[in-house]
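Pulled from TrEMBL:
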type     : residues : note
ACT_SITE : Asp91    : active site, nucleophile
BINDING  : Tyr146   : substrate binding site
COMPBIAS : 1-11     : compositional bias 'Basic residues'
DOMAIN   : 184-286  : domain 'Pseudouridine synthase I TruA alpha/beta'
REGION   : 1-26     : region 'Disordered'
Amino acid sequence: EENGHQNKRLKRDADEEDAEDQSKKSPKRKIVLLMAYSGKGYHGMQRNVGSSQFKTIEDDLVSALVQSGCIPENHGEDMKKMSFQRCARTDKGVSAAGQIVSLKVRLIDDILEKINNHLPSHIRILGLKRVTGGFNSKNKCDARTYSYMLPTFAFAHKDHDVQEEVYRLDKETLAKVNKLLACYKGTHNFHNFTSQKGPRDPSAKRYIMEMYCGEPFVRENIEFAVIRVKGQSFMMHQIRKMIGLVIAIVKGYAAESIIERSWGEEKVDVPKAPGLGLVLERVHFEKYNRRFGNDGLHEPLEWTEEEEKIAVFKEQYIYPTIINTEREEKSMANWLNTLSIHDFNSSAVGMQANNKNSK
């Protein structure tokens, strides 16, 4: 009898070990995670393996994936092993309400809850969907929508003495802002809006679908407005420079013709608005959804059910961070003071001609 009990116990121990082995062997599945985060204090989204002093959003995400048991530790060290891809590389200090990452994980029980338990409260995984094995969130993304929240005193003319808390945007100025933002629509050569591209680099051509500024609203005595921009893809600092140039024109530092000039080959001095107000709102997978969204095996990459959670996260973590940081650090007010040192009139064409002659 004793032997019988012992045999049962040994069998039970063996079964537990089998279950553990099974979970290690459990098939990995390609999924996408819907992420929201407040980017303040982070050096952007993308992980820089080997430079731990620059903390990124992915450092915290990978650590949570390992601790929750979704991925083995060595996949955290070499992210290619889990086919990890982020949809957009957000810059230092930039937040996201609808970032998407694709990766292979073990589909453990209560996976979202377990990952979130190991994340700080200002980073949340709000949704998960299974996708095709070859899915890559960066390559399959057709478009990205960003918003930029800024205090409206940024649009006050430079010759007017403005009290920041009292300033309110009038209809005429808002109409002018929107007329200028609409100039960006279509395909243009944006080489002047990033530091990484030359004027003849084909990848500097980008397609903008829409760009506009919404009605202003007051928070904590300061009036804010939100600019929205949807484009196929954006280069580093591109949106912040697009907005920076419009602010420079509306404030009276630069002529309207500078936008047209910036598409040309000459080098134009384009100021870069602060990163604080920039938020990755959502990413679009229209082509993927048409092909796989209703094939009976995969779900379309739409997040209507998660929209309320996204809105709550923005109200709790993203907007307060932008508003409080603006009040405390005055990032927009300080940046506006630097506009006068930009040279918006000089042409670099003569300089380039001289260079060619000297060669």
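For all residues, glycine too, the Cβ spot is worked out from N, Cα and C.
Just so you know, TrEMBL annotations never went through curation; they're auto-generated.
Remember, it's a predicted structure, so these values are computed and weren't measured experimentally.
Asp91 (active site, nucleophile) sits 12 Å from the residue listed as 'substrate binding site', taking the C-alpha atoms as the reference points. Secondary structure by DSSP for the domain 'Pseudouridine synthase I TruA alpha/beta' (184-286): 26 helix, 33 strand, 44 coil.
The residue listed as 'substrate binding site' has a Cβ environment of 25 other Cβ atoms inside 10 Å. The 10 Å shell around the Cβ of Asp91 (active site, nucleophile) contains 18 further Cβ atoms across the protein chains shown. The domain 'Pseudouridine synthase I TruA alpha/beta' (184-286) scores a mean pLDDT of 95 in the predicted structure.
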